[in-house]
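According to Swiss-Prot, the protein has these features:
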- Arg125, 148-151, 214-216, Gln220, 267-270, Arg450, 461-462: substrate binding site (BINDING)
- Glu144, Asn146, Glu368: Mg(2+) binding site (BINDING)
- Glu144, Lys305, 364-373, Tyr375, 398-401, Glu425, Lys452, Asp458: ATP binding site (BINDING)
- Ala2: N-acetylalanine (MOD_RES)
- Ser415: phosphoserine (MOD_RES)
Amino acid sequence: MATNWGSLLQDKQQLEELARQAVDRALAEGVLLRTSQEPTSSEVVSYAPFTLFPSLVPSALLEQAYAVQMDFNLLVDAVSQNAAFLEQTLSSTIKQDDFTARLFDIHKQVLKEGIAQTVFLGLNRSDYMFQRSADGSPALKQIEINTISASFGGLASRTPAVHRHVLSVLSKTKEAGKILSNNPSKGLALGIAKAWELYGSPNALVLLIAQEKERNIFDQRAIENELLARNIHVIRRTFEDISEKGSLDQDRRLFVDGQEIAVVYFRDGYMPRQYSLQNWEARLLLERSHAAKCPDIATQLAGTKKVQQELSRPGMLEMLLPGQPEAVARLRATFAGLYSLDVGEEGDQAIAEALAAPSRFVLKPQREGGGNNLYGEEMVQALKQLKDSEERASYILMEKIEPEPFENCLLRPGSPARVVQCISELGIFGVYVRQEKTLVMNKHVGHLLRTKAIEHADGGVAAGVAVLDNPYPV
């Protein structure tokens, strides 16, 4: 895709002035992060990195991503309710991956005891890149679906005003008008509010499981503020707090500091290093409770890379979404090539193909949080080490998506504005709420565009690689 801002990107003096204005507007709008030096304090904050200009995104692909989001919501919900599918799919992974195994153990314990929760809440984000086809046209291909702690809905609600401001300064009012309104934080809060309401206890609270050091607190506060506007109170606690002050009554209702909890919203708990033994015990306590968890443990497992790979097998979508051929077709159209590395002929073939053409593949472990994937020579070395080991079952191979690079100017605290070749990743936020077996809400609630320099193979905004952006539909 050719850039709309080509000539503007060549004028260094104008770029520097625009960058100053854009940064001030970002700060005024609340596009904020705590600093890496003081991640526990809001005394000193900075702007979250962002692009100076919105990046061009084909309208048809944006519409396609929105159109398929409710199908992905249904699919994740269906997977989370299918214990046999999860067990079969993850059977080889849990033998080799301790983290997935610990999550799965909690899942099994809860199933054995009987699931106490009756209201289920999904806040997810499906991420895509635009694959360059043979004829040069871009195609929407899913990278992953995030089913736990899907972030940046709050900050993405505040960036459109920044890019409108930049274009207005340039007297491009018509172009400024094309930047889509976007308010994921409101939509995500609506889902939490619906789950809270269905829980049926007006004095109960929402519990946000937070990290001790949280730079991205303003993203979370945006959702908290939306809930408070509906008179729903949120308390922030760590896993350590829960192990000290959390308890269940005889009906398995959850209490923290003596206050009943209706909804547990996890913004922690998606990486192995976030769990001590004490934290695992706290997670089990939360999982056993009657409160609506976002996500419950089965939904977190539904978001693993291994599940993503198995869903791409012929017949899997039809089995999970019976009688919904249109939804199946929409979902399948977004799938990139995904390959099992389980021990056996199929896995051997996938490894051989990746070693023969490493530039065509990405090696993915069962990890969230960005910056975990292996490419190129790193991938080749890892595959050579793994190919004769059962440990390879804890990874999947994925076709490498090759988007068309474009120029934009990236703004980061402490760094000069720089024009670089970039690629973007589009995320669509989805919300669903289920009571027992009845789906009471299923919607898409906004988008997130993140852009990074092409020299960075992997990593998101939180990992310090990508920056916030907005789609400019073309």
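Residue 1 is the first one shown; counting continues down the chain.
Note: Cβ is positioned from N, Cα and C throughout, glycine not excepted.
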Other than Glu144, Asn146, Glu368, which residues of the same chain sit close to Mg(2+)? List them in sequence order, counting a residue when its Cβ is within 8 Å of the Cβ centroid of the site.
Arg125, Asp127, Ile145, Thr147, Ile148, Ala150, Tyr270, Gly303
Cα distance (Å, whole number) from Asn146 (Mg(2+) binding site) to Arg125 (substrate binding site):
5
In whole Å, how far is Pro365 (ATP binding site) from Arg215 (substrate binding site) when you measure between their Cα atoms?
25
Here the binding-site residues are Arg125, Arg215, Lys452; which one has the lowest number of other Cβ atoms no more than 10 Å from its Cβ?
Arg215
Nearest to Asp268 (substrate binding site) in three-dimensional space, by Cα, is which of the recorded positions Glu144, Tyr375, Ser415, Lys452?
Glu144
Give me the Cα-Cα distance between Ser149 (substrate binding site) and Pro365 (ATP binding site), rounded to a whole Å.
18
Looking at the recorded positions Glu144, Pro365, Glu368, Ser415, Lys452, whose Cα is closest in space to that of Ser151 (substrate binding site)?
Glu368
Here the recorded positions are Asn146, Ser149, Ser151, Gln220, Ser415; which one has the lowest number of other Cβ atoms no more than 10 Å from its Cβ?
Ser415
Return only the integer: C-alpha distance in Å from Glu144 (Mg(2+) binding site) to Tyr270 (substrate binding site).
14
